[in-house]
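Report on the structure given below.
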Amino acid sequence: MEKELGIPVILCAARSEQGISELKEAVYKVTTGKPKPSPKTVIYDDYIEEKIKFIEPLVKKNITSTNSRWLSLRIIDGDKKLLDSLSNSIDNSSLEEILDIVNESNSHDKTRNIRDDISKEIYKQAEEIRDKYVTEDKTKINRDRIIDNYITSKIFGIPLMLLILAIVFWITITGANVPSDMIANVLFDFEDKLTLWFNTMNAPNWLHGILILGLYRTLAWVVSVMLPPMAIFFPIFTILEDLGYLPRVAFNLDHLFKKACAHGKQCLTMCMGFGCNAAGIISCRIIESPRERLIAILTNNFVPCNGRFPTLITIATIFLVAKGGNEFSFLPALSITGLVIVGISITLLVSYVLSKTILKGVPSTFTLELPPYRVPKIGRVLYTSIIDRTIFVLWRAAVVAAPAGAITWVLANIYIGDLSIIGHVSAFLNPFANLLGLDGFILIAFILGLPANEIVLPILMMCYLSTGSMVEFDSIDSLRQILLSHGWTYLTALNTMLFSLLHWPCATTLLTIKKETGSLKWTAIAALLPTFIAILVCFMTSTIFRFLGLA
């Protein structure tokens, strides 16, 4: 195989880390020219070879340190970044001639996809070489293809994806209820002991309020509400990732993103956003085109991150589970799946609008290789889901939730006249909030929840309670009574969920956007764009409900 390919061949397995050191050594030797590789030349379609024949001499005349045929292929393929980097090494006349050939060929070959044709020929010859030297389990290959006939089918692919998503949400919602109650009981029992200790020490009420009713109670809420769903959702998500399903999701949605004039890889960054939007923003680095990367960054916020799921799950459970029972427990999962569909639809719509306005351009193509289905490695699943994801996100939420809870308690307990500071702000925001089917306290909760989306619902509960501190919740029924007593309807619940789905990113995500784009302008747009869309969608929903007499 080495002789036929003209390069060193190293047997290795990334999953078991076998042969990795030998691979590194071979890479080092090749980069230092010992031995110097002479890779097999792939012969492409005649129209591609014709272009190479004209461009390669111009490249070879100016650049001798790199394979001129490979550079010519990259230029024909439309690699603008490479062409920009070569512009300093190629004389102007040669560069103009190369650009003329590329532009002329593009105008005559609109029906052809050069990148696809190049990839197709490479894979064709790679398969021929593989068949000569590699023995494969045909049963396993056939099994994978049979599964993919359904998983990646134009008819069944997306419906199966939505069904899997709904099942994941259902398992998360139903599985998190009992452990969430158990953790809440332990943490709030400990709060009683802390309160007793403060009373024994004759600590002032304001200190007890800030530290226990504000800071500690916020932490207790965040941990009890967030930890169980994350401990269920992230392992399932990691199993699907390890199994090889996520690339199939990207494959199913690629044509939709292409129609929206966005990059197919944006789907992968969107999937990362389900765990954390900040991680989704960082993953946008896999998109080579700066224009398409920026579109992916600006729209990543429209899928719910783990910080928004507690609010969505709780509200869906309150309003879609029958009082005192769980006979309709699948309805919350369906409603959240519906919200995810709304988020993906808005992602596609906004991507299309951006690509036709401030970020004009033609979508670039990419080759997606579907990996074989593999049995998930339990050790990796546990480490990635618990340490890298659950603990990391929970720690981040706790760090920002604690001071936010303390500040909220102070604002809820300092009175000016008959109302607290939060009460005055709520009264000011109420007219605008009512247009959106919300109330002033809900908007305050989202504003004060900027540090972390996880604390929106705890802050809202604190605002609603006359004591100015978060209450201990014995059950979903007690939460339902609090919300209903403050005028909540199905419209309020729907619009709160929509606003939670679509509103501005959290502070961590905004800082990540600033770091990735290096621009305050795009960071501001990333905050204002989803805010405008959230307001518009809620206003439209409220208007329709009121027009139909449903509000």
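Cβ atoms are placed via backbone N, Cα and C, with glycine included.
Some features that TrEMBL has for this protein:
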{"type": "DOMAIN", "residues": "44-135", "note": "domain 'FeoB cytosolic helical'"}
{"type": "DOMAIN", "residues": "224-316", "note": "domain 'Nucleoside transporter/FeoB GTPase Gate'"}
{"type": "DOMAIN", "residues": "337-385", "note": "domain 'Ferrous iron transport protein B C-terminal'"}
{"type": "DOMAIN", "residues": "394-519", "note": "domain 'Nucleoside transporter/FeoB GTPase Gate'"}
{"type": "TRANSMEM", "residues": "155-176", "note": "transmembrane segment"}
{"type": "TRANSMEM", "residues": "196-216", "note": "transmembrane segment"}
{"type": "TRANSMEM", "residues": "221-240", "note": "transmembrane segment"}
{"type": "TRANSMEM", "residues": "330-354", "note": "transmembrane segment"}
{"type": "TRANSMEM", "residues": "393-416", "note": "transmembrane segment"}
{"type": "TRANSMEM", "residues": "428-448", "note": "transmembrane segment"}
{"type": "TRANSMEM", "residues": "493-513", "note": "transmembrane segment"}
{"type": "TRANSMEM", "residues": "525-548", "note": "transmembrane segment"}
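Secondary structure counts, DSSP: the domain 'Nucleoside transporter/FeoB GTPase Gate' (224-316) has 75 helix, 0 strand, 18 coil. Taking pairs at least six residues apart, the transmembrane segment (330-354) and the transmembrane segment (196-216) share fewer than three Cβ pairs below 8 Å and do not count as touching. Here the transmembrane segment (525-548) has Cβ contacts under 8 Å with residues 297-298, 301-302, 346, 350, 435-438, 491, 494-495, 498-499, 501-505, 510, 513 of the same chain, all six or more residues outside its ends. Counting residue by residue with DSSP, the domain 'Nucleoside transporter/FeoB GTPase Gate' (394-519) contains 90 helix, 4 strand, 32 coil. Taken together, the residues in the domain 'FeoB cytosolic helical' (44-135) have a mean pLDDT of 80 on the 0 to 100 scale. Break the domain 'FeoB cytosolic helical' (44-135) down by DSSP state and the numbers are 70 helix, 0 strand, 22 coil.
As a summary of secondary structure, the domain 'Ferrous iron transport protein B C-terminal' (337-385) carries 28 helix, 0 strand, 21 coil according to DSSP.
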